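Single-structure report; data block below.
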Amino acid sequence: MSDWDTNTIIGSRARAGGSGPRANVARSQGQINAARRQGLVVSVDKKYGSTNTRGDNEGQRLTKVDRETDIVKPKKLDPNVGRAISRARTDKKMSQKDLATKINEKPTVVNDYEAARAIPNQQVLSKLERALGVKLRGNNIGSPLGAPKKK
């Protein structure tokens with residue numbers, strides 16, 4: 001037999017005649033375990049790459065803290081931010097509970113942010129900014145939040 005006699009089929013027709021196991025995507029842990037019990041080849045790969053998600057850099061900071069030898073204090077909220085939150089909330093005649101329900105957080109979270117006890121979370125701060133209409137990050141903390149910039 002020469003090289004010209006053997007057929008190499010690549011692509012979707014490679015399994016002609018139903019020979020060999022088909023590659024499946026297991027959707028649950030039970031399906032993976034069933035395949036392992038049957039002795040099939042199992043490759044568990046996590047799929048990455050969603051379009052509009054950004055990683056939280058808090059994990060990087062925690063890794064840095066783990067590698068440090070001396071004690072590192074956690075980030076705390078600036079007291080000016082807490083005062084700005086409480087001032088804007090009272091100007092809008094809202095209770096802490098009302099503000100918490102408006103931003104879908106617990107009232108204790110709002111209380112911690114107003115008392116400047118909370119570890120700053122960018123998502124919660126942005127929700128508070130939008131609900132109160134006041135800047136809470138960067139320069140000019142407590143100034144009115146401008147309208148979105150026109151493109």
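Note: Cβ is positioned from N, Cα and C throughout, glycine not excepted.
Values in this document were obtained by computation on a predicted structure and should not be read as measured data.
For reference, Swiss-Prot has these:
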REGION    1-29  region 'Disordered'
REGION    41-119  region 'Essential for TBP-binding'
REGION    78-98  region 'Disordered'
DOMAIN    85-139  domain 'HTH cro/C1-type'
COMPBIAS  88-98  compositional bias 'Basic and acidic residues'
DNA_BIND  96-115  DNA-binding region
MOD_RES   S143  phosphoserine
Going by DSSP assignments with H, G and I as helix and E and B as strand, what are the residue counts for the region 'Disordered' (78-98)?
16 helix, 0 strand, 5 coil
What does DSSP say about the residue listed as 'phosphoserine': helix, strand or coil?
coil
Looking at the domain 'HTH cro/C1-type' (85-139) alone, can you tell me the average pLDDT?
90
